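Student: Just dropping this structure here.
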Amino acid sequence: MNAAPTVLQQQAQSLSEAVTQPIPGSRKIFVQGSRADLQVPMREIALTRTPTLFGGEENPPLSVYDTSGPYTDPQVAIDLAVGLAPLRAHWIAERGDTVALDGLSSSFGRGREHDARLDAVRFPARRLPRVAREGANVTQMHYARRGIITPEMEYVAIRENQRLEAVTDASLRKQHPGEAFGASIQQRITPEFVREEIARGRAILPNNINHPESEPMIIGRNFLTKINANIGNSAVSSGIAEEVEKLVWSIRWGGDTVMDLSTGKHIHETREWIIRNSPVPIGTVPIYQALEKVDGRAEALTWEIFRDTLIEQAEQGVDYFTIHAGVLLRYVPLTAKRVTGIVSRGGSIMAKWCLAHHKENFLYTHFEDICQIMKAYDVAFSLGDGLRPGCIADANDAAQFGELETLGELTKLAWKHDVQTMIEGPGHVPMQLIKENMDKQLRECGEAPFYTLGPLTTDIAPGYDHITSAIGAAMIGWFGTAMLCYVTPKEHLGLPNRQDVRDGIMAYKIAAHAADLAKGHPGAQVRDNALSKARFEFRWDDQFHLGLDPEKAKEFHDETLPKDAHKLAHFCSMCGPHFCSMKITQDVRDYAAEHGMDDAQALSTGMQEKSAQFLAQGAQVYRPM
């Protein structure tokens, strides 16, 4: 490392205030686990007292799931050039089944490490990777199948419960019954239940042993619905500092995992900066980087190049790999009559390779070799849907479902090696065909977690595909999808900027939460109930703070009612002071209380009084001023 900080290191000394300031109205809290070093972060939203007019009771703070890591904690000094604290390092080391290497195993990684020309963009702190001891398997699935509850499993159990036991107000606990379509929704998540779900293959806990900075989370249909955000540079846009900032921006608004899809310069170095500063799991599509190593010529790819890329990324700490092993030679002709053919970048790369060599996909033929690498680092499979439909006309065709059947076959093979696995799904699917996708995935893949891109429910809205896809995402999340991959307004049009990322995440947080409500996930409705109570009581700041995007809510309110006094007003800009339905309802309740009646009696009596008053004034609709 150079003695003087590089330009990149200077940029990385701090992030912009917009992505590191605390989220309005809340603070970071930590829930203590069974051991001193197991503290689970949550976001506690402070609530104000109910106005005397509405009863005057205290409203206790509400805890919610938090993906933002230490970036929203004012007690933590952030230095991107150092990276985050290795939260899980001791848990990994104490298991005694891994060893620290003397250096990188990947030939590409070693070459980058010794290239002085990269000093200006290299992550400053050198970290030696770990790997499983000879003959060991270090996956969370392996531990789970041996009856071991790891600290990571306890961590996610605490996290999923969101301190629901602290909510004692029965009105906040009220919840409509859900329809879970056969899912095993629990009233309370226990560490043992987490272990059982991972052992069964119905959930994954993606935590590479070389990403100790990550805060454990779980993906499975019996848990909260998660969302993924994509970032990554390209040959024409964005540098390392911008990508790290996009990472932090993504998790601030609720990204549960982030995929680095970089295809431009310095892919290796960009990924190192991202992983060292990420409190959430990081996923990649290794074939993208492998293609860069052969100058973009798909036919020049080899198993040896791909294998070296897997090891390179596993030793950096990538938590899950998208592997397009289901794109088989026999399926490629099935796409010929499609409207949009093969739209997956990874799928098209492997299809081109298969056709160029007229051989079976080497990711398929070497699948068990890949499993050996995955279990040595605890990298999870995200089995890619390389033949997903790129328009609703192509939905649910033979190519898509043929690949899905192969992914089911590969899932069972991965499970034989105790490798955690989830399945990627479409794509573009009209609403009436969505459930068929979910049902077939559950059947073919043994209930392994489904991870879907949308699906987009119509093709006519370029610029608004975060909406067209959030509709499908809410539906498929309700039917059983475990994680939803966000779509931004720039989908099909260009690379997203920071605002596009925020808009995409918000659309998908809404979809995921709507799915949890529909499934009947325990406590899912508490936040809705708390916000509704705040709305009825005109606690404006509490309404903002309980929302998914407090800053946007306040910004919209302030456009028409900017004064501080308006935060105490018993009306909003939509109806004004005289036509607010909630104010009228409260007036009825006050009248009832004053006259010892129930609400219905008060409304009837009040109407009679108003009728008499109207007649006494001459029964004129319009009175002269």
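Using N, Cα and C of the backbone, Cβ positions are placed for all residues, glycine too.
Pulled these from Swiss-Prot:
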BINDING   Asn230, Met259, Tyr288, His324, Ser344, Arg345, Gly346, Asp385, Gly386, Leu387, Arg388, Glu424, Tyr451  substrate binding site
BINDING   His428, His492  Zn(2+) binding site
BINDING   Cys572, Cys575, Cys580  [4Fe-4S] cluster binding site
Student: When you look at Asn230, Met259, Tyr288, His324, Ser344, Arg345, Gly346, Asp385, Gly386, Leu387, Arg388, Glu424, Tyr451, which the record names as binding substrate, what is the longest CA to CA distance in angstrom?
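Tutor: Binding-site diameter by Cα atoms for substrate: 20 Å.
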Student: Which residues does Arg388 (substrate binding site) neighbour through Cβ under 8 Å, counting only same-chain ones at least six apart?
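Tutor: Sequence-distant Cβ neighbours: Val343, Ser344, Gly347, Gln400, Glu424, Gly425, Pro426, Gly427, His428, Leu453.
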Student: Of the binding-site residues Asn230, Tyr288, Gly346, Gly386, Tyr451, which one sits closest to His492 (Zn(2+) binding site) when you measure Cα to Cα?
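Tutor: For His492 (Zn(2+) binding site), the closest Cα among Asn230, Tyr288, Gly346, Gly386, Tyr451 is found at Asn230.
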Student: Comparing the binding-site residues Gly346, Gly386, which residue's C-beta has the most other C-beta atoms within 10 angstroms in this structure?
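Tutor: Its Cβ has the most other Cβ atoms within 10 Å: Gly386.
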Student: Let's check the environment of Tyr288 (substrate binding site): how many other CB atoms sit within 10 Å of its CB?
Tutor: 19
Student: DSSP three-state call for Tyr451 (substrate binding site): helix, strand or coil?
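Tutor: In three-state terms, Tyr451 (substrate binding site) counts as strand.
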Student: Kindly assign Gly386 (substrate binding site) to one of the three DSSP-derived states: helix, strand or coil.
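Tutor: Note: Gly386 (substrate binding site) is coil by DSSP, not helix or strand.
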Student: Validating a neighbour-count step here. Other CB atoms within 10 A of the CB of Tyr451 (substrate binding site): how many?
Tutor: 27
Student: For each of Asn230, Ser344, count the other CB atoms within 10 A of its CB; which of these binding-site residues has the top count?
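Tutor: Top count of Cβ atoms within 10 Å goes to Ser344.
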Student: Return the residue, from the listed binding-site residues His428, His492, with the maximum count of other C-beta atoms within 10 angstroms of its C-beta.
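Tutor: In terms of Cβ crowding, the pick is His428.
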